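These notes are about the structure you will find just below.
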Amino acid sequence: MARSTSRDAEALFHSLRSAYVATPSSLKIIDLYVGFAVFTAVIQVVYMAVVGSFPFNSFLSGVLSCVGTAVLAVCLRIQVNKENKEFKDLPPERAFADFVLCNLVLHLVIMNFLG
Amino acid sequence: MARSLAGFLVLVLAISICEAASIFQPISDSHRSAALVLFKPVDGSFASLEETYEALRTFEILGIIKKPDVSTAACGTMSKVLSSSSSTPKDLFVALRVNSILKCKINAEVFEGIISRLQAAVSGASSLLDFYYSIGSLGLIKDRTSNTDVHLSDAEGIFRSIKALSQSDGRWRYSSNNPESSTFAAGIALEALARIVSLASSEVDQSMIGTVKNDILKLFDSIEKYDDGAFYFDEKVVNVPEHSGPLSTSSSVVRGLTAFTTVASGSLNLPGDKILGLAKFFLGIGIPGDAKDFFNQIDSLACLESNRVSIPLILSVPSTVVSLAKKENLMVKVNTVLGSKAPPLTVKLVRAYSTSSKDTSIIENKELSFDTERVVYFLDALPDSVDVGSYIFVFKVVLHDFEHKDVYITGTLTHVQIFMTGLIKIGNAEIAVLDNDLGSIETQRKLDLAGENAVSLPANHLQKLRLSFQLTTPRGSAFKPHQAFLKLRHETKVEHIFLVGNSGKKFEITLDFLGLVEKLFYLSGKYDIQLTVGDVVMENSLLSDIGYVELDLPEAPEKAPRPPPQAVDPYSRYGPKAEISHIFRAPEKRPPKELSLTFLGLILFPFIGFLIGLLRLGVNLKNFPTSSVPATFAILFHVGIAAVLLLYVLFWLKLDLFTTLKTLSFLGVFLMFVGHRILSHLASASSKLKSA
């Protein structure tokens, strides 16, 4: 039973990986970026857990900066993905412009909140 | 109760003040010692020649022998002023006045030069002060040198030009183009006119002197009066900068009047009460604290004492308190204003009456005996009807020689308030504790209020405390003192004051503790009893501790008033306040620096991972535009983003929100423009690629 489960999982991973290889490299870059942002946020949360939340606004702005930019990157990925029929008419350049603008606004707020 | 008592005391005081007739004491030794304090030379000389004159003149009048020696310094300054050709008539006048007292050695040639200059100044003078100083200087030189050359050839002309400045009300103007008239100027003018008369080479027309006498009489119509009989002159104009105040004005007039009456023949019918009133005004000032005022006072009094019109005599009472117990006599002195001896005279006591009953006189028409040794008049025997209390004595001074009546003025009647004091008999003093319902005496103690007492009485809230005593005057009548209080003081320093009432001779107070429990704040325990009996005329006023009463009062109910907090020591109010220590919030605990730096390094790992990932994915910049225009826009786009991010960093470090937003709006517009250009270029390139 256990062996079959592990084999199933292995098979599942294989299929996922083979499917992911087919993903366009531009989307892979975005995935990588999201991963980078999320890991940075996690490190900050760990730091907070170790040290304490004293300059709480600084902690919040650091984590929210990472999380916010990750969310925006996910949005960009949705819009850029050609599989999504919903955004078929939307050129990827337009989506990138939105991403840049949103990031600038987000970081203005973050900087204001950083203290 | 205490408030009504205070009101009563104020009323008594007010009555006694209203009734009190002011007594004016002549100049005495206290003035002499004050003069030495006020006129104190610094390093052997006074600040100015004017001050030197004022000091020397004051010492001369008061007859002070042990005066500071300033003659060397003053003579030096004076001869410098006299020999200098740039000295004004005022400087010369001040210097010559000093010389008139010090009598320094001055060369005759010096005077010769001055005389001709002064005579030129007199004929060229136009204002009153110019006349006053130059004529005054000439007069002083004449007094000093008895030089016959010193005279005024056109005395009548100068007299007329000064007289032209006089006003219809007797006051003078300072100059013909100054419309304001002044009382002070009148005094100066009179002095100058007197000098002219004495300096004139020929007799001055009597009719002119007559008109000036008329002016003096008019001037005395404008004299002002205080309630106590003092008369004074005051300036009516407002903007007189130099000489202001009733003292300097009155003293100027007195000086002028004296100088003029000395030279003018014939009598001047000035009302005697006004001259006496002026003397009272100067004496009423007491001892002025200012050297100038002091000089004015003393100099004016000297003028009044030596004037030819009438010399005021001042009746004074050395002590207004007469003790009946010591059988003291009432003494009266009559002196001139400067305290010298009066001519032979008799002092009559017209009447004396009690301040409480004005209509009944206790003494009438009694002549005072004269003690030649002490130079005082005294009332030898008081009638038996005189009891303790305050009285008004009315005196009259009668001169013996008929001739003196023209020379001296004594005033009509002098009212003086005299306090007759004596020992008050205190009798039948006792303190008792009574039962409330029946009024029967529980304990009773006799008291000797003049001596020591130490009674101790127990009492509870159902009982009463009664204190009674009798007060009789030496003549046996009832006496009602100003103050009669009973004070109860608890161990906790809470005090209660009760007014002791009287009926006839008997003073009695009954404290019903049942009604007082609330006032006593339900405080049981020892209460000290203190009795105060006091009056101005009571020689044996007392403040006596009688003993204590041990009170047993019921427990205080819930809502009973608390005793007031005891007054803090008034001196502690001015002491230093407790120091204020500021408490700051303790800073939050910071993590160790190493830990923070480690995590900063850790943050870099995802970034490195991101870069490695990018490399493995085989990211390239092949899509970067190659043609120059889009490439420029692409570079500008990236530079723009970098600039915005840099701006954010600056915002975090030092800029404020407004500056940031302003800069951001410009950068944003730029970024939008280049971003739009490059992205649309890329879009069109990719769509071309697709269609191809």
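Just so it is clear, glycine is given a Cβ too, placed from its N, Cα and C backbone atoms.
As given in TrEMBL:
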SIGNAL    B:1-20  signal peptide
DOMAIN    B:27-305  domain 'Ribophorin II N-terminal'
DOMAIN    B:314-419  domain 'Ribophorin II second'
DOMAIN    B:428-551  domain 'Ribophorin II third'
DOMAIN    B:584-684  domain 'Ribophorin II C-terminal'
TRANSMEM  B:595-619  transmembrane segment
TRANSMEM  B:631-651  transmembrane segment
TRANSMEM  B:657-679  transmembrane segment
Cβ contacts the transmembrane segment (B:631-651)/the transmembrane segment (B:595-619), at least three under 8 Å, sequence gap 6 or more: no
Overall pLDDT of the domain 'Ribophorin II C-terminal' (B:584-684), taken as the mean: 89
Helix, strand and coil totals (DSSP H, G, I; E, B; other) for the domain 'Ribophorin II second' (B:314-419): 4 helix, 57 strand, 45 coil
Long-range environment of the transmembrane segment (B:657-679) - Cβ separation under 8 angstroms, sequence gap at least 6: 625, 630, 633-634, 636-637, 640-641, 643-644, 647-648, 650-651
DSSP-derived helix, strand and coil totals, residue by residue, for the domain 'Ribophorin II C-terminal' (B:584-684): 79 helix, 0 strand, 22 coil
